[in-house]
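Take a look at the structure set out below.
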Amino acid sequence: MAQWWGREARGGGGTSVVVKMESPDWAIVPRSEAAAAGGKAGRGKNARQITWVLLLKAHRAAGKLTGAASAALSVAAAARRRVAAGRTDGDDDAGAAPPGESPALRTRFYGCLRGFLLLSVLLLAVDVAAHLQGWHLAVDVPDLLAVEGLFAAGYASWVRIRLEYLAPALQFLANACVVLFLIQSADRLILCLGCLWIKLRSIKPVAKSGGKSSDDVEAGAGEFPMVLVQIPMCNEKEVYQQSIGAVCSLDWPRSNFLVQVLDDSDDAATSALIKEEVEKWQREGVRILYRHRVIRDGYKAGNLKSAMNCSYVKDYEFVVIFDADFQPQPDFLKRTVPHFKGNEDVGLVQARWSFVNKDENLLTRLQNINLCFHFEVEQQVNGIFLNFFGFNGTAGVWRIKALEDSGGWMERTTVEDMDIAVRAHLKGWKFLFLNDVECQCELPESYEAYRKQQHRWHSGPMQLFRLCFVDIIKSKIGFWKKFNLIFLFFLLRKLILPFYSFTLFCIILPMTMFIPEAELPAWVVCYIPATMSLLNILPAPKSFPFILGSAYEWVVTKKSGRSSEGDLVALVEKQSKQQRVGSAPNLDSLTKESSNIKKDLRKKKHNRIYRKELALSFLLLTAAARSLLSVQGIHFYFLLFQGVSFLVVGLDLIGEQVE
């Protein structure tokens with residue numbers, strides 16, 4: 001029978017009672033008894049609730065532990081497959097040196113690493129033997145000479161050589177790198193403070209005339225300037241449809257923009273597919289042209305230069321460049337082109353990149369962290385305070401007059417985008433960076449592709465600096481702009497940063513473990529790098545793996561814009577409504593094409609062992625073991641982390657997809 005507690009009543013003597021009603025009878029119970037009964041029930045209910053909460057938390061923790069264990073097993077299995085396969089970066093074409101890198105130089109560098117590794121293992125064995133004899137770092141050479149035996153005499157000679165010859169030179173190099181390290185850290189800190197100031201004051205470029213709706217575009221096309229859109233590509237079989245479709249769907253009067261598909265493909269089948277896609281959009285009424293070069297002089301720079309020499313280019317005021325894997329939003333032109341109106345000295349408006357595959361694996365997450373810092377901090381701060389930054393080569397709008405005034409595209413370096421930006425800056429043109437306008441693209445998902453990309457990005461700036469140095473000195477720009485170009489833009493960020501970071505933390509630091517008379521303070525090894533790393537992570541905290549991301553975020557969702565064989569197959573399976581309007585792809589031919597691509601990738605793409613990275617990993621781990629003899633805890637943990645990081649890269653696990 002149902003029962004409940006009724007109203008509270010008070011007796012004549014002021015005693016509080018509670019009416020307990022049980023159908024069909026009822027009774028009066030003293031309040032103390034009622035409270036005791038209710039307290040027991042409440043305590044039982046609270047105990048059950050706490051138990052369920054604890055069980056739920058335990059279930060979640062078990063799920064995370066299971067996911068972490070599964071991921072660890074997957075990584076271990078992948079490592080075993082790498083070792084069992086025995087493929088290295090010297091096998092087949094995939095291990096070939098990037099363009100401009102000497103194979104002989106790679107071989108010598110690998111030989112030096114192996115030599116240092118063997119020497120470090122030998123020194124570690126000697127130091128362990130000396131430590132077992134009780135010859136610690138505090139022992140003097142005369143004390144060692146007093147000990148009889150060949151080993152004691154040899155170790156005493158080694159300690160003397162360290163003290164008199166090796167330690168002073170190594171300490172000098174360490175101090176020089178520390179000075180560079182402090183300069184670079186100060187530069188990064190100033191950039192972060194500038195970004196914070198921009199956030200607090202809500203500073204951003206504002207267009208003098210906002211964009212219009214689609215109806216306004218059709219009604220008043222004469223108010224919209226003429227825009228030339230260029231898509232340079234070369235053998236882009238996987239992404240040509242998405243990129244062409246995205247550009248042709250830009251919300252701009254069709255009579256006021258022309259698309260140039262600049263195809264440098266040397267594969268006839270790929271060229272035929274791209275040409276067919278262009279013709280398809282032509283039938284939809286889009287003003288789009290297909291240009292194919294048989295002789296690829298100058299690569300991308302030569303391709304763009306050839307396109308700008310067309311006679312009809314004089315009818316256009318602006319030119320927009322999108323690489324083949326970039327997919328702009330329909331309102332891209334409406335959010336960028338208006339910034340030129342009323343700003344006749346603005347030569348470039350650059351949008352930031354966003355990445356459709358940023359959570360694909362550890363490699364893409366780390367790239368996303370670095371590039372988010374590059375765009376949100378470096379590009380934005382330099383754009384706001386200096387009106388100058390390096391052109392990213394894509395997702396930017398140029399005033400054609402600025403390009404012509406700067407001398408146009410030149411094939412003299414591999415960084416043609418940086419080249420044209422520097423020359424335009426020397427001519428007095430200003431750049432705007434729009435942090436709130438994004439253009440989707442892809443990140444390299446394999447270490448091999450990433451390595452070649454980074455070599456291309458870092459090998460050209462010094463060559464460009466040699467070519468531009470005299471022009472910078474003779475230019476009419478202000479002293480501080482010359483200082484920024486020479487010391488900050490080129491020397492510090494393009495030369496010193498890559499040089500000192502590797503030299504300090506991967507060469508000098510391990511050497512100080514074997515030559516302990518030369519020291520690196522803990523604040524250089526730990527505190528400042530940790531602070532700089534934290535600042536680097538702030539623009540993209542969710543991309544930092546293992547700390548701010550859930551274990552379940554490692555499950556990757558395929559995306560239609562990705563240039564991989566899995567995405568191409570997924571694209572076929574999607575509904576036609578998910579395709580961009582008017583693209584009308586031939587799904588049957590696409591299915592056949594994707595199956596062929598899958599077969600080719602199975603034959604050609606292999607995970608490999610990267611020998612230089614693996615040798616450097618063992619060198620760092622050996623130095624970490626040596627640091628234990630010196631009781632240098634922070635140095636040990638830093639070297640251990642560095643060694644494991646290079647081990648992951650050397651076994652090609654950084655690009656492994658963990659599900």
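Note: Cβ is positioned from N, Cα and C throughout, glycine not excepted.
Residues 144, 151-152, 155, 158, 510, 514, 615, 618-619, 622-623, 625-626, 629 of the same chain sit 6 or more residues outside the transmembrane segment (116-135) yet have a Cβ under 8 Å from a Cβ within it. Taken from TrEMBL, the feature transmembrane segment covers 116-135 (among others).
Taken from TrEMBL, the feature transmembrane segment applies to 172-198 (among others). Away from its own ends, the transmembrane segment (172-198) comes close to residues 204, 376-378, 380-381, 384-385, 488, 492-493, 496-497, 500-501, 503-504, 508, 512, 518-520, 524, 528, 531-532, 535-536, 538 of its chain (Cβ-Cβ under 8 Å, at least six residues beyond either end).
Annotation source TrEMBL lists domain 'Glycosyltransferase 2-like' at 319-513.
The annotation transmembrane segment is assigned in TrEMBL to 485-514 (among others).
What TrEMBL lists as transmembrane segment is 520-538 (among others). Long-range Cβ contacts of the transmembrane segment (520-538) within its own chain (Cβ-Cβ under 8 Å, at least 6 residues beyond either end) map to 174, 178, 181-182, 185, 188-189, 192, 369-370, 373, 504-505, 508-509, 512, 544, 634-635, 638.
Annotated transmembrane segment per TrEMBL: 609-628 (among others), in sequence order. Long-range Cβ contacts of the transmembrane segment (609-628) within its own chain (Cβ-Cβ under 8 Å, at least 6 residues beyond either end) map to 82-83, 86-90, 106, 109-110, 113-114, 116-117, 120-121, 123-124, 127, 447, 506, 509-511, 513-514, 635-636, 639-640, 642-647, 649-652.
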